[in-house]
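Here's the structure we're looking at; comments come further down.
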Amino acid sequence: MAVARADAVVRAPYWAVPVVRGVLALVPAAVITFVQDHSPTLGLFVFGAWALVSGVLIGALSLRFVTDRFAGAIFAINAVVTAVAGILALATPASLSFLVVLVIAWAAVTGILEIVAGLRVRGRSAVSRDWITAGGVTALAALAFLFFPFDAVSIVGLLGAYLVIIGVLLVIGGLSLKWSQAPKPAVAPGTEQQS
């Protein structure tokens, strides 16, 4: 997903941030997959726990590794919105309509913020494509929740599907970024293979 390039937007070990984000998304996806109860209570609990942990951890990592001031501010806002959504999900009595409204609002805001951050650094950073893609998937999730059939099993299943998709996407993007930044092995002059 990412290409190697001198990067003034993020610090060198930034590749770990999307990998951590991806792994954090895959954990609740597994919970939703293997728990038969697809009630609003489970949906709010899983979303709330994931959003709270993800918001705090990814916010801290982004503040540490994102050097572009604008993108750093966007990710700080994104982290706060995510953590607050998590707190609201955990503190509010279970209701399918609340789960749907909360996830739509969270996905729309954070998806658009991540797209904006990616567009802002496009051409200057290898991470821009990953940010635009992850933001686009999240914004599309808001639309999917808006138009998807309104029953608990479908909504909680859709949440699990989103978490799987974004988790895999982020892990692949992070590892691609790592591998694109890896130093190339030195080759002695005259020993290069020609095709």
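Glycine is no exception: its Cβ is also placed from the backbone N, Cα and C atoms.
Remember, it's a predicted structure, so these values are computed and weren't measured experimentally.
In TrEMBL this protein carries:
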type	residues	note
TRANSMEM	12-35	transmembrane segment
TRANSMEM	41-63	transmembrane segment
TRANSMEM	70-90	transmembrane segment
TRANSMEM	96-119	transmembrane segment
TRANSMEM	131-150	transmembrane segment
TRANSMEM	156-177	transmembrane segment
Highest-contact recorded stretch vs the transmembrane segment (96-119), from 70-90, 131-150, 156-177, CB pairs under 8 Å: 131-150
Stretch of maximal Cβ-Cβ contact with the transmembrane segment (12-35) [cut-off: under 8 Å; candidates 41-63, 70-90, 131-150, 156-177]: 156-177
Interface present between the transmembrane segment (131-150) and the transmembrane segment (41-63) (three or more C-beta pairs under 8 A): no
Folded-back contacts onto the transmembrane segment (131-150), same chain, C-beta under 8 angstroms, at least six residues removed: 1, 18, 71, 96, 100, 103-105, 107-108, 110-119, 121-122, 158, 162, 165-166, 169-170, 173
